[in-house]
Amino acid sequence: MALPNKFFLWFCCFAWLCFPISLDSLPSRGEAQIVARTALESEAETWSLLNHLGGRHRPGLLSPLLKVLYDGHGEPPRLQPDDRALRYMKRLYKAYATKEGTPKSNRRHLYNTVRLFTPCAQHKQAPGDLAAGTFPSVDLLFNLDRVTVVEHLFKSVLLYTFNNSISFPFPVKCICNLVIKEPEFSSKTLPRAPYSFTYNSQFEFRKKYKWMEIDVTAPLEPLVASHKRNIHMSVNFTCAKDQLQHPSARDSLFNMTLLVAPSLLLYLNDTSAQAFHRWHSLHPKRKPSQGPDQRRELSAYPVGEEAAEGVRSSRHRRDQESVSSELKKPLVPASANLSEYFKQFLFPQNECELHDFRLSFSQLKWDNWIVAPHKYNPRYCKGDCPRAVGHRYGSPVHTMVQNIIHEKLDSSVPRPSCVPAKYSPLSVLAIEPDGSIAYKEYEDMIATKCTCR
């Protein structure tokens, strides 16, 4: 008997390995969550499990974020950004996102990506003439390989960040002279006249600064739109010389232009499907060329929150009442307690609802390049769907019809499943392989509402 027992045990293990757990079946989902909590102790085991949870059965649970982030896993050590630039981006993240990592609803910007680049090369040029109010110019080269073709520029600034605040005793008016130069070409390319574009921006220094931004959108917009990988620019400041007589004002500007290399900050709109598009959240109900008849027709089929509010036409309300009455007919013994019946079938104990799935990027050993958020809770839906689903779940009439088919006609037709009905986006601040810093907003990353379908 020992040999058949061993063979049976081997066969069960082999079958378990060959047929992955389906997240669409309720018992296996519960088992998968138990395994997930114990597997977080090991990075390899954790990724294997999370990859399974974010696979073809449940693409919305952990993908696309973990899949996108894992693409860089195992690369050589990443370049670390400048501390001042990192502090600035952390401050930007706090202004744009909550502690849970969701974009703040009171923000009205239409971009979903902010990239900060530090110069990959820096050279001093003309020494300048402080007596005439002209400060030394600096030659800068920025590499924009991380900007993708689906990212469109909204705004670009030169960012000066300081360890200590610089102060000015009185306002100082200056002009930033920016010269965009064409990169040098190899001898194999056809010779052409050198290209340069000069851009002047006027601004005024006031009081204390921990950072300073100079808008350079106009000269950079055509270069980013044409997907230029390298941007070569020369920057210098010219200030009114009569306002530089005060030593503190002159020293502050001198330290800023010589001791601090500016970063390039790009505000972009990622148009890919996995990015969060804030315009749709600001105008969720706007549809092109929609007449009154179309609006009435659409309102008859509400989903998500609209269905939860009970926005239905009278015709569908009558359909639901007739189906509900049909559901109440079958097989209720005369001696049965109606309250127990409704408790068992209409409101099951393991009711469909949201559950937490908390993970930490430090457990995945990704916290050295995922700066924020520190923790991620995608949440998931689990539980039994009641036989007569009402407005609370926002389920369509088809869900009730499916229940009737399962119970009366064909048991092979599955019962409605407990699935997410609504999601919220997630904001992520990460260090890229080249040492640049990226703030990105990902769509549909946190389940916020469950339904039965």
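Each residue, glycine too, has its Cβ placed from N, Cα and C.
Within the set Cys381, Cys385, Swiss-Prot assigns Cys385 as the partner of Cys452, by disulphide bond. The Cβ of Cys381 (disulfide bond) lies under 8 Å from the Cβ of Cys352, Glu353, Leu354, His355, Cys418, Val419, Pro420, Ala447, Cys450, Thr451, each of these being in the same chain and 6 or more residues away along the sequence. When the alpha carbons of Cys385 (disulfide bond) and Asn269 (N-linked glycosylation site) are compared, the span between them is 39 angstrom. If you draw a 10 Å sphere around the CB of Asn269 (N-linked glycosylation site), it holds 18 other CB atoms from the protein chains shown. Within 10 Å of the C-beta of Cys385 (disulfide bond) there are 24 other C-beta atoms, taking all protein chains into account. A count of other CB atoms within 10 A of each Cβ picks out Cys452 as the most crowded of the disulfide-bonded residues Cys450, Cys452.
In the three-state DSSP assignment, the secondary structure recorded for Cys352 (disulfide bond) is coil.
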